[in-house]
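K.L.:
According to TrEMBL, the feature signal peptide maps to 1-24. The transmembrane segment annotation in TrEMBL covers 34-54, 116-137, 143-163, 196-217, 243-264, 276-294, 321-340.
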């Protein structure tokens, strides 16, 4: 039955490409521009640095210096500290790359890598402060507040996940032989390049179909659907319909299906979909609850036209993406099928 539904959704989306070729082309072009102009130059260096820190053994050295507080808070080995910090600074997919690198090096087991990933899905400071705060809400202060709430809610999820694991913080079972810095850098670049390629493909895919879906959605319906699928459009649409600040905080914590797919791709350890989506909803809910008492402190202003990409770690303008119900449902079904299939592959490996 699920295969029939997925097949019907794929046929529907193929038909949408035929009926809306101009919108599809514009969306794909905008996605490619985003990748070349924002995603690659801003995110790729963070990915390389994060993976290099792990593969060269520097994360272990740094962890011995600053990792004890992280170990006590999150019940993770100290070597996870740099990956946690980079996940807070580098944008949504950076934390998952750090978790993957730590798992490949043997410094985290599969359960620890999964827990690290579950609370390291965070937006970058430039996106939340500049795009959401200044660009969408007309207030840098609102953006800074949203960033603080967003990161604190993610850390709270990490603390909750580690409550039952403080007695079994497993260290590497044997002495790890680290490669030379040159080999570690080469491996980091190769791994990051592979991740970047898949991330760019997802961005182009979602850009294409969201530009088609804008033919059917508008107002509040666009904000709800876009917030579920793509965080940038969701925040912009919520601001345009004067949604309360806690709604935007909820969207940031959830992250959107586009980010979810990019975070989960290329992992060699199992991430249980139910647990992943529960943590995304929990982070969004905690952020919304923390925002609720203070939302009247920030008076919304008309949004500004420049937009910073969700993956950007510095300010950069790009074309704005916008995104009936049947087309949206088809896109969600395809995404769900991909996530379930990916989970099944992890089960067969693990």
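Backbone N, Cα and C atoms are what each Cβ position is placed from, and that goes for glycine too.
TrEMBL annotations: computationally assigned, not manually curated.
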K.L.:
Check the transmembrane segment (116-137) against the transmembrane segment (276-294) for contact, please; criterion is three or more CB pairs under 8 Å, pairs 6 or more apart in sequence.
P.N.:
yes
K.L.:
Using a Cβ cut-off under 8 Å, which residues of the same chain at least 6 positions beyond either end of the transmembrane segment (143-163) come close to it?
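P.N.:
Sequence-distant neighbours of the transmembrane segment (143-163): 73-76, 84, 88, 115-116, 118-123, 125, 128-134, 137, 245, 248-249, 252-253, 279, 282-284, 286-287, 290-291, 294, 297-298.
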K.L.:
For the transmembrane segment (243-264), could you work out the same-chain residues 6 or more beyond its ends whose Cβ comes under 8 Å from its Cβ atoms?
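P.N.:
For the transmembrane segment (243-264), the far contacts come to 92-93, 95-96, 117, 121, 123, 128, 132, 136-137, 142, 146, 149-150, 153-154, 198-199, 202-203, 206, 223, 227-231, 234-235, 271, 276-277, 280-281, 283-292, 294-295, 298, 300, 310, 332, 335, 338-339, 342.
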